[in-house]
Each structure stands twice: as structure tokens, then as C-alpha cells.
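Some notes on the structure that comes next.
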Amino acid sequence: MLSRFKCSRLQLQKRAISVTKATTTTASQPKRRRTTTFSDALNKGPSFEDFVSGKAAKFTLDPLQQARSNIEEAKRLPRWLKVPIPKGTNYHKLKKDVRELKLSTVCEEAKCPNISECWGGGDSSKATATIMLLGDTCTRGCRFCSVKTNRAPSKPDPAEPENTAEAISRWGLGYVVLTTVDRDDLADGGAHHLAETVCRIKQKAPKTLVETLSGDFRGDLEMVKVMAQSGLDVYAHNLETVKDLTPHVRDRRATYEQSLSVLNQAKKTVPTLITKTSLMLGLGETDEQVLQTLQDLRAIGCDVVTFGQYMRPTKRHMKVVEYVKPEKFDYWRDKALELGFLYCASGPLVRSSYKAGEAFIENVLRKRANN
């Protein structure tokens, strides 16, 4: 009995020594996270013991995370795209008049970065506003645009043409831009409403030059003729982007060829009419695609083109692929003039109705009128 007890005691001692050795060995080696199927890269990171001991700081950042950080750094807003907060006497006056007359402006609806410069005006330059007609709700949903959308917007305000003309006469502008939301719910796309507004402005302020920035009227060229013959001075319709990106950027009802046909018809209807379009850069377009677009525009006699940086209005809209440097915008301006465009405004903050372009076009139109 005694020998059995000694034997059992000896076995227990051996087991205790074995467990102690195993514990000592395990404690000397920090535990690593067990392999998972989530990502091999994650398993190469520091363990909990590394964080406790302070060794985690020696680990290099996961390459995937490093790549994401680099992308985010590149996406930060460059200094040349930062603008001041809107202010000034003219700015507040225009804003007050717009509210009183129940008008909408694309400057506000589209969150234009130039609103401070255009509305602010100054001693040597008159304030400029782009008035948006046919309401503030569009029937289309382009991926770059922040204007509200609805399949059935409210009916056009019959007093809008008169109110718009009254506002223009109050401001004493030498040049005004009228734009519209797309109204596919209307039989004529709103062409007659816009044409009437142009006529009222010419009656109340005959010296004011009028530019209209309108949609494609679903490709109805008869409505393009109505607009071209309304008495306006500049017919603007935006291509927005190059041909290959159009299906991904614009509403499916807007096509590259359809937009070219609108500009072409306007020029054919009134050959002396200045035609104008605008392109956004930073959407992933190539130089070859931009050059081809310029050549397509010159082939139909388009007179003016503007280039501006695409700015993502909200996180719900398409992302910016690239922030194009100012030097590249200078390159495209020179290229456009080389191809024969009458004028080209090109810069990160330039928009289709940018006032620097309007001042130039105003001078061209007045010289034509005097000759």
C-alpha cells in the first residue's frame, strides 16, 4: 500500500514539473492571433501582447492601409479650390431681390463656388447672377448635379417671365444668364416659357445681353429653333463630359450625340448666334478624349467652350477621380483657341456662366452690333 502511494505521488510531481515547464515556455513567447480567412494581411499585424509591451509601434503599416491613406491624401481639396465665404453689399442685395421675387438661381441650387465673386461684384464690375427658371426641381438625375429631382415637379409659375424681367431691370445688368432645370414632364420641355422670358427681358431692358443655358428638349429640334429665334444673344447647352463618360455621368436620357445636335441646330437656325458649351474635368477623362470632344464641337461651329473642375457636391454624388492642376487648364485653354474657338475660359473654379467669359462675350457682341 505504501509503495503504491509513493508511486502515485511521484507521478503527480512529474506532471506538475511538466506543466510548469510548458507554462514557462508559453509565457516567454507572445501569443499571435490565430490565422483567419478574413485577410492574411491582418494577421501580420501586432498582437494584444505587442500593444501592452509597446512593441506595436515598431510594426510597419499594412500596405493596403497605406495605399488607402495615400489615396485619401490625394483627394483632399487643393489650395487652389478653396474660396472665401460669400459676403458684400451686392451679394446681400441680389439675395434679397431673389427671395422677394420668388426666383431660383443656379448659383445657390448647384452650390457654385464662384457665388461670392459673381454676386459680390465691385466698383469696376457689375454683379452677375444666373437665374434658374421653371422651378428648382429637375426631372433628371445626373450623377454630378445637386439640384433637386422629381418625376413630377410643380407647374411652371406663369408670373416667372415677368418677375425675372423685373429683377434684371432692377439690377441694371449688361449681361444675364438664364438657365433651366430639365422638364421632361412638359410637352415642349419648357421652351416657350424660356423664350417668353427672353422676350420680356428685351422689352424691359433692351440693352441687356441674354444668354440661355438650356437642356436638350429630349432631342426635339423644333424647340431648339423656338429658343434660337427668341431674341437671345448666346445659346448655351452643356456637353458636361467626353463621349465615353457620358452614360456614367449624365442622366440616361441625355446623350453626347443629342447634345451636339442641339448646338448644331441652334447655329443653323441663326448663324450669327454665339453657341457655347462647358466641360468638367477630373471625372477620369483622357487627353485624347478631351481633344476629340473639342474637335467634335468645332466641327459643328461651336464658338465658346469652358473648362472647370468637377466638385463633388455631396457624398451621394459621384466621386472626384482627379483634382486637375491649374497648368492643365491653361493647356486646354490654349488648345481650344488653337482649334479656332472664339473664346475659352478654363480654370479649376470656372463654370459655364463664369463672369470673366461673359465680359469677353459682351464685348464681342457689342462690337458686332456696332459694325
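Glycine is no exception: its Cβ is also placed from the backbone N, Cα and C atoms.
Keep in mind that this is a model prediction, so the values were computed, not measured.
Annotated in Swiss-Prot:
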- Cys107, Cys112, Cys118, Ser353: [4Fe-4S] cluster 1 binding site (BINDING)
- Cys138, Cys142, Cys145: [4Fe-4S] cluster 2 binding site (BINDING)
- 20-29: compositional bias 'Polar residues' (COMPBIAS)
- 121-342: domain 'Radical SAM core' (DOMAIN)
- 20-42: region 'Disordered' (REGION)
- 1-24: transit peptide (TRANSIT)
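Close to the recorded [4Fe-4S] cluster 2 site, the chain also has Arg140, Gly141, Phe144, Ser146, Val147, Thr149, Val181, Asp182, Asp251: residues not among Cys138, Cys142, Cys145 whose Cβ is within 8 Å of the site's Cβ mean position. Classification of Cys138 ([4Fe-4S] cluster 2 binding site) by DSSP places it within a strand.
Cβ neighbour count for Ser353 ([4Fe-4S] cluster 1 binding site) (all protein chains, 10 Å cutoff from its Cβ): 28. Other C-beta atoms found within 10 angstroms of the C-beta of Cys145 ([4Fe-4S] cluster 2 binding site) number 22, with every protein chain shown included. When pLDDT is averaged over the domain 'Radical SAM core' (121-342), the result is 92.
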